[in-house]
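Heads up, the thing below is written out as structure tokens.
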């Protein structure tokens, strides 16, 4: 046992336990006769210590036990039993760590105890959680990190009444009685939850299922539009100006099968209805506009209506715009990201990628350095076989310049090896071997 004076002299030091001085040891030996011992019974386990030890952390529950006023005014609430013994019906295993904190000045967290239980015991004994030692801080924080992750990813209970109270607060109508609310104030939160939160009700799950169905149909339709079986080459007569004359010419256009266009139209009608309902019923219009998924919804819907409006025009400008819209129709594939609203696993993956941005950037930097080094090395290694009389002749090698060598370096370091470019000199083969080994 080390006295409170000795404890305060080295509490908070993180570089090992410093042995007490001879003066402290003498004080400790002499104190056995002068100081009164105190017995603390926690859950049936008796702990014996000195009152001076408990006074090392003033303001805590155990420090109050060492207070003379507590001894004089003890009653049933203090838990004192005859014989200078105090009883507490708490966790005896955790109390051993708490009492050692008074003795050593270092608070450690047991690895075999659940974090919330340890946190509750610390609060009962009046100890601040920030006093936990750095070596045990991660163990102590595990439960809180897990709870925060579950709050983000775990779907709410449809029968939970907290969400019913949260929606009126977000829409600013929590203080309005039901009778004084207008029709919009009554239905706006419900419609918003219907289209935004798939787990809010059974009806919301049905809407989410319909939305998921149209997303899959739209993506399948987008892929089928590129198949030659669903495309027909048609020729249209057009008037062309040649000098001062107008001659009749022809214009060839690739037309998609009407059935696929009809299917896409049905999907766009649903997406438009869903988007408008979410826009009209959202509690924060500015936050809605800034959301990336909402921007994707709008960008994926707009080209269809523009193409539909310009399809009947025959002017050259309209034809050019239609050609551009057909090129940008690929944005419809971005609807696949709407699946993140319905699958928790996709949201977990998205949060994981965002949390790993720094590591991804570091990986790309290392890859870029390797590509630059090996692309330069393979270029000069292959230049050795060039004709001295014509150094610009590169017919003997695939590596005609360093930029084109970047492709070879990327393919080799990622162990793909397409075979479209390969070294033909012994020195280039050595560089290629090193590049492949560096990518393993």
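Glycine is treated like the rest: Cβ placed from N, Cα and C.
Look at TrEMBL and you will find 36-143 tagged as domain 'BTB'. Sequence annotations record features per position, and here TrEMBL assigns region 'Disordered' to 1-23. Residues annotated as transmembrane segment in TrEMBL: 206-224, 254-273, 285-306, 360-381, 401-419.
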Cβ-Cβ under 8 Å with the transmembrane segment (401-419): same-chain residues at least 6 beyond its ends: 367, 370-372, 374-376, 378-379, 432, 435-436, 438-440
Contacting positions for the transmembrane segment (285-306) when only residues 6+ beyond its ends and CB under 8 Å are counted: 264-265, 268, 271-272, 274-275, 278-279, 321, 325, 328-329, 331-332, 334-335, 337-338, 340-341
Within the domain 'BTB' (36-143), residues counted as helix, strand or coil by DSSP: 54 helix, 20 strand, 34 coil
Model confidence over the domain 'BTB' (36-143) (mean pLDDT, whole number): 83
